[in-house]
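Structure first, then comments.
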Amino acid sequence: MTFNQHHLLGIEELSQTEITTLLDRANVHAEAERGSRDHGHPLRGLTQINMFFENSTRTQASFEIAGKRLGADVMNMAMQTSSVKKGETLIDTALTLNAMHPDLLVVRHPHSGAVKLLADKVNCAVLNAGDGRHEHPTQALLDALTIRRAKGRLHRLNVAICGDIAHSRVARSNILLLGKMENRIRLIGTPTLMPSGVADWGVEVYDNMAEGLADCDVVMMLRLQKERMDGAFIPSEREYYHRFGLDAAKLSVAKDDAIIMHPGPMNRGVEIDGLLADDINRSVIQEQVEMGVAVRMAVMELLAENLRDRRAAA
């Protein structure tokens with residue numbers, strides 16, 4: 001096993017070998033979830049604190065279930081009623097929590113880099129559950145596991161990521177991971193929703209679905225992140241769906257066995273046709289949710305192993 005990280009702050013810090021180690025461990029948990037659900041309780045005696053400064057349904061629930069499956073004592077902090085609302089800084093929050101000696105901190109924050117700032121102030125393992133537009137590493141890992149299970153490999157695939165790339169931490173983490181695993185990545189969307197400097201990311205950029213989806217193995221749709229927009233990026237949702245919403249006609253140029261992905265939450269009729277999202281022969285959207293629990297179990301288990309080793313050596 002090769003996984004030498006103290007925290008999981010982003011895909012950028014992971015090697016190809018570490019990614020494979022995480023996915024292999026997650027696949028073991030995924031199979032156990034479909035069978036005995038016996039994971040051995042490797043986190044028994046450890047405390048996991050979930051701190052979500054942004055709203056979340058899937059990610060927070062997934063981390064909570066993952067921790068409980070592994071035997072951790074899980075605490076969800078209500079950030080809306082915490083001392084942060086009274087003016088406490090993130091650093092003071094980190095120092096306060098550190099004094100309580102937690103073992104795992106799962107953090108989502110609206111500002112890029114905030115999770116790294118917190119990790120520098122605590123003695124436990126920190127997991128980035130999404131920080132601003134920066135990264136969402138466990139989403140990219142669960143997407144990778146979903147792809148690997150559906151396609152039998154995670155290399156030399158044509159992967160299209162379509163939609164609001166500019167505001168998406170999911171896109172950034174997936175681009176980093178899929179690039180490290182030697183895939184061909186295509187970004188599709190209106191130029192107003194492409195980040196500056198995207199031409200230097202080692203990807204292909206298209207503003208036309210027919211060209212971008214041609215011969216693709218994987219089609220990953222992203223929602224319009226209106227909460228991060230500060231201007232008019234599209235003429236209207238109707239026009240956006242006409243040009244960039246995934247439907248059967250647009251998908252027809254992809255490979256016959258191409259899979260459809262979406263990190264959620266979905267806006268049906270905006271970035272994807274509802275019938276296509278529910279197509280059991282093409283859509284792996286529910287599998288993504290399922291793999292999320294397995295991936296988060298693997299990440300926390302490996303970080304906990306490293307944490308225990310460091311404490312034993314101290």
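Any Cβ shown, glycine's included, is placed from N, Cα and C.
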What does Swiss-Prot list, out of R34, R108, R238, as binding the same carbamoyl phosphate as R58, T59, H136, Q139, G264, P265? R108
Out of the binding-site residues T59, Q139, the residue with the smallest number of other Cβ atoms within 10 Å is T59
Between G264, P265, which of the binding-site residues has the fewest other CB atoms within 10 angstroms in the structure shown? P265
Calculate the distance in Å between the alpha carbons (Cα) of H136 (carbamoyl phosphate binding site) and R169 (L-aspartate binding site), and round it to a whole number. 6
R58 (carbamoyl phosphate binding site) to R223 (L-aspartate binding site): how many Å between their Cα atoms? 15
When each of the binding-site residues R58, R108, H136, R223 is scored by other CB atoms within 10 A, the minimum falls on R58
Counting every protein chain present, what is the number of Cβ atoms, excluding its own, within 10 Å of the Cβ of R169 (L-aspartate binding site)? 23
